[in-house]
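Residues or ranges marked as ATP binding site in Swiss-Prot: Gly226, Gly228, Lys229, Thr230. According to Swiss-Prot, the feature region 'Domain I, interacts with DnaA modulators' maps to 1-72, an assignment based on sequence analysis. Positions annotated as region 'Domain II' by Swiss-Prot, on the basis of sequence analysis: 72-181. Annotated region 'Disordered' per Swiss-Prot: 155-178, in sequence order. The region 'Domain III, AAA+ region' annotation in Swiss-Prot covers 182-398, and the record cites sequence analysis as its basis. If you look up Swiss-Prot, you'll see 399-518 marked as region 'Domain IV, binds dsDNA'.
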Amino acid sequence: MNEFWQHCSALLERELTPQQYVTWIKPLAPVAFDADANTLSIAAPNRFKLDWVKSQFSGRITDLARDFWHSPVDVQFVLDPKAGMRTAPAAPSRPPSAGVRNAAAAVDAAVGAVQAAHSARGGGMPGLGMPTNAAQLTDDAADLDLPSLDANEAAAARRTWRPGAAAQAAGGESDSTYERSKLNPVLTFDNFVTGKANQLARAAAIQVADNPGISYNPLFLYGGVGLGKTHLIHAIGNQLLMDKPGARIRYIHAEQYVSDVVKAYQRKAFDDFKRYYHSLDLLLIDDIQFFSGKSRTQEEFFYAFEALVANKAQVIITSDTYPKEISGIDDRLISRFDSGLTVAIEPPELEMRVAILMRKAQSEGVNLNEDVAFFVAKHLRSNVRELEGALRKILAYSKFHGREITIELTKEALKDLLTVQNRQISVENIQKTVADFYSIKVADMYSKKRPANIARPRQIAMYLAKELTQKSLPEIGELFGGRDHTTVLHAVRKIADERGKDAQLNHELHVLEQTLKG
């Protein structure tokens, strides 16, 4: 029995991602084998893992048992009798949980992927003509938000990093440095939870923090609301301030930048505006889609971008969508965005959502039971902000009612949210959406046809069904014309693997996911 489990675990470790293996397979243990009845019992540490392993991995483990003993084996999954007495330990602030550590270890490999992707794009920027005439501006803006900077400071700031900068910014300068930069010192790489969904973006961010103005300029991060784009760019700024305390850094939301342009125009203060923004070492601009339709803002940002890149200063931009799909942005700016590295941040996978909840609970001084974390993560899938909001509701509900945090209490605290979430994306809707996207018939999803123009969309639909629904592999296979669960597993792994290597496929999947989520 133990020999089989060592063999089975080794095979599954090769087949699964590190996070999946550590989260689901490693905690299992064989507890009994009845040779007469050919029955193998495997124990799981808690009810959630028991149910999940039964639905997702029982078929594969049963196949491996049959191959090992050369006869059919009835694999039964049972709850560890000690499970009821266990509580999940508080997640350490550093290092992160095992699943997250394994994903973070993949960052080094992701750095190589980032470099390869960038090299494949080729260098150089196309030449641009002068910007078009500015549109008329309104005056509904906030005060011009520029820290003071005299001519001598501006001249001194036009250099790249200098060795003596750290000494000049030591001691009491720290608070004023953060005030000028608008950075949030809490948002660092250390407390950024890493998983498959964001490891490439994190790898690129670390490269930029280590080599500002050299590695990827600009760095463009895009993805939906609440996925960690703002956290990452603050982490870059904070890391750079640690390494180069004298660096001139500015984080600004695109709406505030628009307001600054408006006020500079009203006050005829564009010289001050340009002197400040053109002299930065690092400009972090969040949600650039808010530049849409604002011609004068785009013109001024174009000038700032050109000046910063020419001075080997780093520019980092975020958006909710792929650069070429942002409406109302001048093509010349789009070409500039595209000249650097563009990386997507996807919604977090299950293991990553659990790690986020455990980490957040630990930071609040709460020892969150693992079953509760898995329950919340299983039902809330869209983004980190939603997870954190749900956790706050649970903590408040527990405090107000003076009750321990259990799954039952969690259901009560989140009943309104869970009601909304239960209106789930259906496999049928996924099939129709993917069929429309790739111009094939919905019937092709169930057919046995294998031409590439049909098989590929079908595999993509299977992948999305696994990612966006709670259906098991056998259930998904049944909805795709009665296919075996191993066929679905192959499709899921194939698309997941290619997604990390193929930018076009990743973009198509991003569009499909956003469409399905409404």
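Every residue, even glycine, has its Cβ placed from backbone N, Cα and C.
Known features from Swiss-Prot, placed on the structure.
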{"residue": "Gly228", "record": "ATP binding site", "contacts (Cβ under 8 Å, 6+ apart)": "Phe192, Asn198, Ala201, Ile345, Val384"}
{"residue": "Lys229", "record": "ATP binding site", "contacts (Cβ under 8 Å, 6+ apart)": "Ala201, Leu221, Tyr222, Gly223, Asp286, Thr318, Ile345"}
{"residue": "Thr230", "record": "ATP binding site", "contacts (Cβ under 8 Å, 6+ apart)": "Leu187, Asp286, Thr318"}
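For the ATP site, the Cβ centre of Gly226, Gly228, Lys229, Thr230 serves as reference, and the other residues of the chain with Cβ at most 8 Å from it are Gly223, Val225, Leu227, His231, Leu232, Thr318, Ile345, Asn383, Val384, Arg385. Mean pLDDT, taken over the region 'Domain IV, binds dsDNA' (399-518), works out to 86 on the 0 to 100 scale. Following the DSSP three-state reduction, the secondary structure of Gly228 (ATP binding site) is coil. When Cβ atoms from all protein chains are considered, those within 10 Å of Gly226 (ATP binding site) total 18, not counting its own.
For the region 'Domain IV, binds dsDNA' (399-518), the DSSP counts in helix, strand and coil order read 86 helix, 0 strand, 34 coil. Shown for the region 'Domain I, interacts with DnaA modulators' (1-72): DSSP residue counts in helix, strand and coil, namely 44 helix, 12 strand, 16 coil.
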